[in-house]
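The structure under discussion appears below in the form of structure tokens.
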Amino acid sequence: MSVTALPGARASGLRIGLRAVLIGAVLVLAAMPVLNQLPQDHALHVSDFLVSVTGKWICYAILALSLDLAWGYAGILSLGHGAFFALGGYAMGMHLMRLIGPRGVYGHPVLPDFMVFLGYQELPWYWLGFDSFAFAMLMVLLVPGLVAFVLGWLCFRSRITGVYLSIITQAMTYALMLAFFRNDMGFGGNNGFTDFKELLGMPLSTTAARAALFYASLVALVGCYLLCRWITGTKYGRVLTAIRDAESRVRFLGYGVTRHKLFAFVLSAMMAGLAGALYVPQVGIINPSEFSPGNSIEAVVWVAVGGRGTLVGAVLGAFSVNGLKTWLTSTAPDLWLFVLGGLFVLVTLLLPRGLIGLVQGRGQGGPK
Amino acid sequence: MKGRRLYLDGVSVVFDGFRALNNLALIVEPGELRAVIGPNGAGKTTMMDVITGKTRPTEGVVSFGDADLTRLDEAAIANLGIGRKFQKPTVFDALTVFENLELALKAPRGPLPCLRWALTGEAKSRIGATLREIGLEERAQDPAAILSHGQRQWLEIGMLLMQDPDLLLVDEPVAGMTDAETEHTARLLAGIAGRRSVVVVEHDLDFVRALNCRVTVLAEGSLLSEGSIDHVQKDERVIEVYLGR
């Protein structure tokens with residue numbers, strides 16, 4: 001069978017330990033909406049706030065995983081992954097808008113409020129089909145996948161790599177942000193979409209709907225993690241690692257590097273889209289600020305802090321950096337951006353393998 | 001698939017007015033072992049780049065069997081059966097010795113076949129045989145990052161063997177090697193030739209003599225002399241470019 005990366009009994013012990021920790025973490029997360037039902041004064045009660053913020057972090061963790069697949073394994077440092085997240089979010093948002101139906105402020109049977117306000121007579125063609133959940137879910141994956149395919153194909157076949165590729169992905173998310181700000185795009189301009197009512201027949205304001213979205217996100221996170229774990233354990237995963245470390249050498253072995261990178265990039269964009277789609281109904285709004293370059297850069301920081309190229313590290317990074325952010329923005333909001341920047345510098349200098357490197361370093365005595 | 005000849009004729013490569021190759025002609029017959037020598041800047045590495053698709057010739061014919069190499073990219077040329085070993089050994093540090101060989105093993109190269117790839121007994125025994133051939137059996141599970149310089153060279157030769165190419169291009173295989181390592185490498189290459197065509201670029205004339213094959217001398221991007229090592233070493237023009245002007 002496949003060869004383990006960490007030789008020795010100690011490493012396999014570490015592996016089993018890691019698996020136990022992961023299963024434990026999933027169980028703790030799964031318990032949160034249940035503990036939320038306990039009476040307020042119960043010692044184990046989990047507040048509404050904590051449940052809703054954790055639901056968001058789970059979506060961020062999926063985004064971090066997707067970025068880790070592209071960056072940590074295939075070496076594609078995307079500074080525009082937030083765009084794929086936002087596109088998935090917009091696809092979900094369009095579905096939620098269609099479900100509002102005649103319950104909007106203007107009471108139009110089909111058109112969302114912003115379209116009535118902007119004087120639309122009928123639904124633009126690209127809104128057709130979004131009343132169907134299945135179609136919307138398909139778009140959640142297809143739209144980010146298609147954008148990634150076109151961008152990736154153009155860049156990878158021209159052998160644009162490294163910092164140039166990063167700048168292009170950053171420019172892409174910025175361009176999309178400007179485009180979505182425009183009212184005539186038909187996506188609600190700078191207000192975006194909000195005032196969602198229901199999803200799959202469940203009113204979004206209910207506790208049950210919140211718990212369902214929380215669990216759906218958790219299942220998606222576990223599924224994406226297992227998918228990435230599987231992919232990176234196959235020969236394809238090793239091809240990606242090889243491309244990351246010595247791209248031209250892989251070409252001389254006869255691998256079509258463009259195809260391999262494209263496959264990973266598109267898959268990664270789809271995962272990011274899924275994360276965005278789960279995020280939007282939980283926060284109740286999507287607007288063009290989700291495309292802002294800062295969001296994509298934050299996602300890179302999560303992965304770097306957790307430890308890139310490890311998958312677990314990406315998830316850990318998403319939870320810990322966002323936990324810190326939530327705490328700091330309530331206690332010392334002015335400090336957050338300095339802390340974020342400082343964190344990135346410190347981790348790069350002192351912990352090149354991230355938080356995960358700390359744990360592994362102790363178990364393994366370093367890689368050499 | 002076997003029995004194709006490498007054919008270069010009238011090949012020129014011009015970089016910003018500088019002629020790295022100038023009307024070069026070279027024919028390597030199937031199964032032939034050929035050494036290419038020449039002073040620095042003679043165009044040896046550029047010639048390799050042209051054959052493997054890294055550099056496009058400004059003009060000229062480059063073909064392997066009936067395939068026109070000037071129209072194909074590196075991966076397609078590699079899949080035609082042309083393998084290359086670089087001057088500076090490049091192996092994948094993050095992967096083990098075994099995994100490096102597994103990646104090089106001739107098999108479908110697309111993403112989906114790689115995802116579905118399962119190590120069969122046959123593949124395993126081929127990798128095992130190559131590990132023995134390059135003398136790295138003991139190191140199979142070590143990451144390539146911790147190999148010595150000589151071991152990296154052998155691993156790269158091993159990766160070439162896994163590709164099962166019909167033509168091997170080997171750039172300075174013994175640069176920076178100890179005498180014992182050089183000897184081992186000469187044995188490896190001699191074992192490879194005969195089964196396939198091999199072109200070796202080398203500076204070390206003793207090593208070239210040990211290869212005991214036809215020698216091509218390049219100078220300033222053109223063919224200067226060709227023949228046995230004794231023949232070219234007696235050639236006035238070769239002596240002139242090597243020993244000064």
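Indices start at 1 and increase along the chain as displayed.
Using N, Cα and C of the backbone, Cβ positions are placed for all residues, glycine too.
Pulled from TrEMBL:
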| type | residues | note |
| --- | --- | --- |
| TRANSMEM | A:16-35 | transmembrane segment |
| TRANSMEM | A:47-65 | transmembrane segment |
| TRANSMEM | A:71-92 | transmembrane segment |
| TRANSMEM | A:133-156 | transmembrane segment |
| TRANSMEM | A:163-181 | transmembrane segment |
| TRANSMEM | A:208-228 | transmembrane segment |
| TRANSMEM | A:262-280 | transmembrane segment |
| TRANSMEM | A:300-323 | transmembrane segment |
| TRANSMEM | A:335-356 | transmembrane segment |
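Below 8 A, the CB atoms of the transmembrane segment (A:300-323) and the transmembrane segment (A:133-156) form no more than two pairs separated by six or more positions in the chain, fewer than 3 in all.
It is A:71-92 that, among the stretches A:16-35, A:71-92, A:163-181, A:208-228, forms the most Cβ pairs under 8 Å with the transmembrane segment (A:133-156). Outside the transmembrane segment (A:208-228) by six or more residues, the chain places 26, 29-30, 32-33, 36, 51-52, 54-55, 58-59, 61-62, 65-66, 68-69, 198-199, 202, 271, 274-275, 278, 281-282, 311, 315 with a CB less than 8 A from a CB of the stretch. The listed stretches are A:47-65, A:71-92, A:163-181, A:262-280, A:335-356; of these, A:47-65 has the most Cβ pairs under 8 Å to the transmembrane segment (A:16-35). Remote same-chain partners of the transmembrane segment (A:262-280), defined as residues 6 or more beyond its termini with a Cβ less than 8 Å from a stretch Cβ, comprise 56, 58-60, 62-63, 65-67, 69-70, 73-74, 76, 78, 81-82, 84-93, 96, 137, 140-141, 143-145, 147-149, 152-153, 156, 193, 213, 216-217, 220, 224, 227, 231, 236, 240, 286, 290. Packing against the transmembrane segment (A:71-92) from elsewhere in the chain are residues 63, 130, 136, 139-141, 143-144, 147-148, 161-162, 165-173, 176, 180, 187, 193, 232, 237, 240-241, 243-245, 247, 260-261, 264-265, 268-270, 272-281, 286, 288, 290-293, 295-300, 303, 308-311, 313-314: each is 6 or more residues past its ends and has a CB under 8 Å from a CB in it.
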